[in-house]
Amino acid sequence: MSDQPAACRIHVEALGVAFEPQAEHWAERLGLPLQVADGEFALQVGDMGLQLQQLGPDAPGPVRVDFVEGGAAHRRLYGGGSGQMIAKAVGVAQGVRPRVLDATAGLGKDAFVLASLGCEMSLIERQPLIGALLEDGLARGAEDFDVAPIVARMRLLNGNSIEVMRNWEGEPPQVIYLDPMFPHREKTALVKKEMRLFRPLVGDDPDAPALLEAALALASHRVVVKRPRKAPCIEGPKPSHALDGKSSRYDIYPKKALKP
Ligand SMILES: C[S@@+](CC[C@H](N)C(=O)[O-])C[C@H]1O[C@@H](n2cnc3c(N)ncnc32)[C@H](O)[C@@H]1O
């Protein structure tokens with residue numbers, strides 16, 4: 001849990017001379033050094049955009065946000081549309097496309113699914129490094145003909161959602177979606193590469209109960225919490241019901257019916 005770049009040794013690296021100005025820009029913005037000898041992670045700038053690479057012999061490949069190709073594109077085209085569990089959980093239905101605040105944006109995958117279905121999304125991410133990857137992915141998405149209209153529905157804010165929600169001004173979001181980190185101990189392929197990379201950077205989000213409390217105070221219609229299928233609910237008020245997926249569960253805290 002941190003609002004600051006984590007205590008890991010991270011540096012910024014240009015993958016070619018042409019990318020040096022961008023590397024300097026990110027280093028300055030994130031308060032990170034440029035190219036050091038004994039780093040644990042490198043935030044690399046290259047022709048594929050911004051990517052985070054763990055360093056060392058057993059490190060997995062780089063992680064970047066890509067809404068145009070790969071998993072996100074596949075899910076957008078063949079992922080089941082409004083029949084997907086996450087869509088049902090936030091209340092997407094015929095004539096209903098709620099305004100959603102994703103208060104734990106991460107790499108923006110869930111938010112992208114909902115934006116693809118037509119939801120207006122606000123996203124908040126507190127880890128500046130993850131926020132930087134997301135910002136870069138959104139910028140590249142905005143240059144793609146098919147993806148641009150989707151990312152235009154995704155507004156990224158940086159900061160701690162608990163504070164942002166407590167001090168919210170203007171119309172509140174209809175639905176608030178939370179997917180805080182949950183402590184996984186197993187080291188199998190099931191724990192995705194992104195998650196293995198995230199954990200040392202982000203921690204386990206132990207302040208999830210405060211996040212839930214702030215979300216319940218702000219959302220006008222419902223709060224949805226994504227959990228691993230067998231995990232306990234976030235401590236605090238209990239959800240009224242849950243939708244079970246293959247590996248995830250969506251706990252639903254309703255406040256008011258969403259109407260077309
Ligand atoms: C499990 S990941 C979310 C993954 C995301 N649903 C996706 O589809 O990519 C959790 C993220 O929430 C962020 N987070 C947790 N608590 C937060 C808070 N209070 N404010 C902002 N971001 C928070 C963490 O930094 C982490 O990046």
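Glycine too: its Cβ is placed from the backbone N, Cα and C atoms.
Since we're looking at a predicted model, the values are computed, not measured.
The annotation S-adenosyl-L-methionine binding site is assigned in TrEMBL to E125, R126, D179. Per TrEMBL, the feature compositional bias 'Basic and acidic residues' maps to 241-254. Per TrEMBL, region 'Disordered' is recorded for 234-260.
A simple Cβ count within 10 Å picks out one of the binding-site residues E125, D179 as the most packed, and that one is E125.
Across the range of the compositional bias 'Basic and acidic residues' (241-254), the DSSP-based residue counts are 0 helix, 11 strand, 3 coil.
The S-adenosyl-L-methionine site is set by E125, R126, D179; from the centre of their CB atoms, other residues of the chain with a CB within 8 Å are D102, A103, T104, A105, G106, L123, I124, Q127, I130, S161, P180.
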